[in-house]
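**Student:** Sharing a structure, written as structure tokens. Questions coming.
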Amino acid sequence: MRPLLMLWGCLVLPGYGSVVNPKEISGFEGDTVSLQCTYEEELKKHQKYWCREAGLFISRCTGTVFSGEYGQEGRVSVHDNPRENRFTVILRNLTLKDRGKYLCGVKRLGFDKTMSVSLLVFPGTSLHPATSPPAGISQPATQLDSTSTEDTSFVPSSSSKSRVSIPLIRILAPVLVLLALLLATGLAALGNYMFQRREKAQLASETQKKDKVHLSHLTSEDDEASWRDPKGDMTPASTLPMSGDEPGFSKFSSV
């Protein structure tokens, strides 16, 4: 059981403290918005990307655009700045179809480091084509800076309440692994129990057969002993006279 707990800790604890609500950015149709994501020093040489978050239970990427590339007909670009440990995502000519959740991530071995971002797009108006969105909504060019001294995953900066969301697979993977290990352990224990029970039943059956053979042998010896006299000779059985006849002895007449 102890190895299972250790494995569970290795899978869950590294990203457990980063599971919080996503940050929202917004803009009007036709606007250009940008956001910046920071990363730790050890992730400087890793590839950065921007993608649309898909999947209901397990998060996955669609329409991925890597650093130095342009996607969606040039409307999306990702520019990495290793000197400042941050990369910038620029979204041009927004449309209502662009609304949804996105991932700002860094490729690495195992699980990627990602930040979930919700993009809101409002219908454009002729009165203020490039004005700020309604009150209560974050500005289009919001910086999503995140640094951490305890973990390499994205965390909110001190000047912003941006929060980070880790893909649901980070939570489901340890659960599935633990369930698989518990199932394997249970099946092994059940198989061992059934094997021992079968051996005990087989041993009891063999013992019962031996007892029957031994008892039958003793009964045969007792029957044989009843036919012998104390000297070991066979004792003839007494013959009973036939009904209506006298014993079959020779008759002698006196002289």
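One-based numbering along the chain as shown.
Just so you know, glycine gets a Cβ as well, placed from its N, Cα and C.
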**Student:** State the disulphide partner of CYS104 as given in Swiss-Prot, choosing from CYS37, CYS51.
**Tutor:** CYS37
**Student:** Taking DSSP as the reference, which of helix, strand or coil describes ASN93 (N-linked glycosylation site)?
**Tutor:** coil
**Student:** Just to confirm my parser: what is the rounded mean pLDDT across the domain 'Ig-like V-type' (18-118)?
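**Tutor:** When the pLDDT values over the domain 'Ig-like V-type' (18-118) are averaged, the result is 85.
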**Student:** How many whole Å apart are the CA atoms of ASN93 (N-linked glycosylation site) and CYS37 (disulfide bond)?
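**Tutor:** Checking the Cα atoms of ASN93 (N-linked glycosylation site) and CYS37 (disulfide bond) gives a distance of 21 Å.
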**Student:** State the count of C-beta atoms found within 10 angstroms of the C-beta of CYS37 (disulfide bond), not counting that atom itself.
**Tutor:** 26
**Student:** In the structure shown, which of the recorded positions ASN93, CYS104 has the fewest other Cβ atoms within 10 Å?
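**Tutor:** Ranked by other Cβ atoms within 10 Å, the recorded positions ASN93, CYS104 bottom out at ASN93.
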